[in-house]
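Structure, as structure tokens:
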Amino acid sequence: MEVKTLLIICPCLLLGSLGKPQFPEQEKEAKFWNAWAQKTLKNALALQELNKNKAKNLILFLGDGMGVPTVTAARILKGQLHGQSGEETQLEMDKFPFVALAKTYNTNAQVADSAGTATAYLCGVKANEGTVGVTAAAVRSQCNTTQGNEVTSILKWAKDAGKSVGIVTTTRINHATPSAAYAHSVDRDWYSDNEMPAEAVQAGCKDIARQLFENIPNINVIMGGGRKYMFPKNMSDVEYPNISKYSGCRKDGRNLVKEWTDQMKDKKAHYVWNKKDLLSLNPNNVDYLLGLFKPVDLPYHLERNLETDPSLTEMVDVAIKILKKNPNGFYLLVEGGRIDHGHHEGKAKQALHEAVEMDRAIGRAGLLTNIHDTLTVVTADHSHMFNFGGYTPRGNTIFGLAPMMSDVDQKPFTSILYGNGPGFKVVNGARENVSTVDYQENNYQAQSAVPLAMETHGGEDVAVFSKGPMAHLLHGVHEQNYIPHVMAYAACIGQNREHCYSSSGACCLVPLTSLKTLLIPLPSTPHSCLTLFKN
């Protein structure tokens, strides 16, 4: 009887017994694995010729909540979406030659949030949870701790250096990750003045939506959600005019979108709110773009309206085509922000499809740029209490069942599980039998060990993938705030530019791998510099 039950639940386990291999035939041969390893070794040896060029362009892809288990599961999903078993698939980020680990803790939190981490990887300074663009001297929600504790981001450093800059996100544009690129706020939830306490407004603190337009004038590309925070209270939304929760919410009566369009009327500037208008633009005729595609966050990739909602890849495509026209280069922040939301809701399928879509956008960015002058970094702000296991066989659907019953309650379980979250379900005093529900449905909430309304972040290190000029400086294990310092160093922007120029103004970018340097004159250029190192 037990065998019959197992056959019904896990027919995939029969493949081997029926004589069908669960893996490609070529993998039985040692020469297959040896050839693959030798090819990998040859590629690794080629990396000894380091790319020490000056980075003209900088791109940061931030998978919100994309911990290492999420990367691995997304890799398998990508392969399975293409009819493969999945494990051997390469994500676009897997192809990057350099990988590091980043320590994600906030100054006051062992397990971080997205605001304090964004301040680290954008502003180069670790900060308290819940705060953006301020040092750890600022206290969450205390307006009077803002002034004097502001820190600027690499987006501003790039803008000040004459580069074009852009932000693309699948969340609201004033959410934690993007807001650290331009705002200084002691509370990540101050989306508009509607979400701020009256005393904070009276004390002079600005909401994040307002800071988007006032702190760094003329950001070239802004795309994401968050329309409702830009319009006066009760002003109907253009897409959902009869849904009051999507109406404008600003108490100060300001229409930030109209203010932007009025200010930019003499420039090649466009405001769009749907996919059709976005894709109808000719990037050659656009220098400034404001795209707000939803009142709050963009829908999950699996749920988006293909006619009206742009994908992350489509937004990235347009953004780079606009930004790359600048001969001085560009900086672009891209956030796959709803990976995080899927995990918080216990909806692993939504989260993993978001990760696969971000990887698709990474591939598109690679086609539009050149590894010789573009430094691309892919990382996460933090992880989640997400994992998968259970001794699943090769090619097992990533959303499928483990091949055995629990030896405690004699019930099946999915490979994907959460340490905590909303998937904790008890039926008749016992764990829910997952064979009685559709565990492959898009919004299925995977079972969790501890019941919580919302699943939490994880505290482990996250991966940092990099390619392009000076990518080799992202290696080993580092504090998360190290990331923008490397990117700025590669592009000769921000605080450490001395290595880039001689007294004659000639560029002589040389990596500073040691503080013990010796400057000697070059015969061809009397006042240029060469940096030698003692290891």
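Just so it is clear, glycine is given a Cβ too, placed from its N, Cα and C backbone atoms.
Features of the protein shown, as given by TrEMBL:
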- 1-19: signal peptide (SIGNAL)
- Asp64, His175, Thr177, Glu335, His344: Mg(2+) binding site (BINDING)
- Asp64, Asp340, Asp381, His382, His457: Zn(2+) binding site (BINDING)
- Ser114: active site, phosphoserine intermediate (ACT_SITE)
Considering Cα atoms only, can you say which of Ser114, His175, Glu335 is the nearest neighbour of His382 (Zn(2+) binding site) among these recorded positions?
Ser114
Cβ-based neighbourhood (8 Å from the centroid) of the Mg(2+) site, residues Asp64, His175, Thr177, Glu335, His344 excluded:
Leu62, Gly65, Ser114, Thr169, Thr171, Ala176, Gly337, Arg338, Ile339, Asp340, His341, Asp381
For a quick check of packing: other C-beta atoms within 10 Å of the C-beta of Glu335 (Mg(2+) binding site), how many?
29
Measure from the Cβ of His175 (Mg(2+) binding site) and count the other Cβ atoms within 10 Å, all protein chains considered.
28
Measuring CB to CB from His344 (Mg(2+) binding site), give everything in the same chain under 8 Å that is also at least six residues away in sequence.
Gly65, His384, Gly421, Met454, Glu455, Thr456
So how many other Cβ atoms are close to Thr177 (Mg(2+) binding site), meaning within 10 Å of its Cβ?
28
For His382, His457, listed as binding-site residues, tell me which one has the smallest number of other Cβ atoms within 10 Å.
His457
Cα-Cα distance linking the residue listed as 'active site, phosphoserine intermediate' and His175 (Mg(2+) binding site), given in Å to the nearest integer
9
Out of Asp64, Ser114, Thr177, the recorded positions in the record, which is closest to Asp340 (Zn(2+) binding site) when you go by Cα distance?
Asp64
Rounded to a whole angstrom, what is the C-alpha distance between Thr177 (Mg(2+) binding site) and Ser114 (active site, phosphoserine intermediate)?
6
Can you tell me the CA-to-CA distance separating Asp64 (Mg(2+) binding site) and Asp381 (Zn(2+) binding site), as a whole number of Å?
6
Can you tell me how many other Cβ atoms are located within 10 Å of the Cβ belonging to Asp340 (Zn(2+) binding site)?
29
